[in-house]
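Undergrad: One structure is given below, represented as structure tokens, and several questions about it will come after.
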Amino acid sequence: MSKKIGILTSGGDAPGMNSAISFLTKSALSLGFEPYLIFDGYSGIIARKILPAKNFPYNGISSFGGTAIGSSRFPEFKKEEVQNKAVEILSEIGISSLVVVGGDGTYNGGYKLHLKGIKVIALPGTIDNDIQFTDYTIGFDTALNTIVETIDKLRDTANSHRRCFVVEVMGRHCQDLALYSAMATGSEILITNTNILSPEEVSQKVLEQFAKGKPSVIVTITENILPNLKEFAAKIEELTKISTRSLEVGHTQRGGRPSAFDRILAAKMAMKAMELINQDKSGLAISYLDGKIQTFDIAKVVSNPVRKTNDLVLEINKINQN
């Protein structure tokens with residue numbers, strides 16, 4: 001078994017990735033492996049941006065957001081000839097094992113390399129929390145806290161002016177950021193891809209909330225639902241005659257110092273990944289499920305849809321309107 005191991009982060013960055021990089025490197029060294037850092041995701045393999053980790057300041061990066069080795073989306077990696085080129089380059093260097101940190105695209109890329117003979121272990125690194133068979137992904141907790149802090153501040157000013165705020169959060173096609181931020185902040189109205197409401201329906205609910213004497217209303221919505229957030233807010237104001245503002249939380253959700261939870265989660269997952277590599281395992285995804293670090297076949301993860309939380313969305317909508 002080759003002692004050279006590649007480490008890469010791919011797709012959208014997530015707070016906690018640096019903790020994963022640091023602990024993967026330190027764990028690899030402690031087990032006698034020779035870790036290599038691959039910069040800018042899968043594109044870094046093709047561009048040969050591969051350096052020995054010993055030449056990189058991997059200590060002390062766990063407290064920083066983003067990913068110190070860069071990340072990118074590389075749709076060309078879906079082509080088999082590009083995958084073959086990646087295997088060729090890794091083999092030339094002597095890298096036989098690869099740890100990938102990212103979301104579903106990263107998992108799919110890793111699975112393809114696994115099928116071509118590279119030993120691959122995957123860690124879930126995405127703020128969207130949209131990886132199957134894990135309760136939490138690296139970065140989700142930090143992003144959630146960023147959203148909660150933002151909505152809490154909006155609530156203060158909304159209360160002062162008796163306003164309605166429509167807040168759009170990330171999540172791609174997963175509603176977890178919207179759902180759990182609504183739970184944490186008491187957002188009166190929650191709109192997700194499983195609970196889409198028209199401006200007329202939202203306006204009626206807004207009026208009902210103010211009629212109960214509430215000084216403000218927060219509408220939390222997951223991205224990729226509304227064609228235009230400002231127009232949606234303007235329509236609510238037109239229908240209710242209540243001052244309504246909109247806010248897209250945006251890429252601040254991706255940044256910031258990772259929470260202690262994300263740092264520890266990434267560290268534990270990294271240590272488990274190196275344990276598996278030391279056992280010459282491949283094609284596995286690390287998860288945090290039911291309070292424990294577990295493993296699943298990557299094939300099973302990439303072939304399953306995101307878990308459903310539809311009932312909880314409806315329940316939170318009902319509870320928060322009281």
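The backbone N, Cα and C atoms fix where each Cβ goes, glycine too.
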Undergrad: May I ask you to find which of G12, G16, G32, G60 Swiss-Prot records for the ATP site already listed with R73, F74, G103, D104, G105, T106?
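TA: Looking through G12, G16, G32, G60, the residue Swiss-Prot assigns to the ATP site is G12.
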Undergrad: For the ADP site that Swiss-Prot assigns to G186, S187, E188, K212, K214, P215, S216, which of R155, R172, R245 is also named?
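TA: It is R155, as the record lists it for that site.
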Undergrad: Around S187 (ADP binding site), which residues of its chain at least 6 apart sit with Cβ under 8 Å of its Cβ?
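TA: I151, V167, S181, I218, V219, T220, N320 - these are the non-local Cβ neighbours of S187 (ADP binding site), listed in sequence order.
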Undergrad: Reported as an integer number of Å, what is the Cα distance between M170 (substrate binding site) and G12 (ATP binding site)?
TA: 12
Undergrad: Between K214 (ADP binding site) and T126 (substrate binding site), how far is it from one CA atom to the other, in Å?
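TA: K214 (ADP binding site) and T126 (substrate binding site) have their Cα atoms 35 Å apart.
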Undergrad: With an 8 Å cut-off on Cβ-Cβ distance and a minimum sequence separation of at least 6, pull the same-chain contacts of T106 (ATP binding site), or say none.
TA: T9, S10, G11, G41, V100, A122, G125
Undergrad: For G105 (ATP binding site), just count the other CB atoms lying within 10 A of its CB, please.
TA: 20
Undergrad: Within 10 Å of D128 (substrate binding site) by C-alpha distance: pick out those among the binding-site residues G103, R155, G186, E188, K212, P215, and say none if nothing qualifies.
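TA: Hits: G103.
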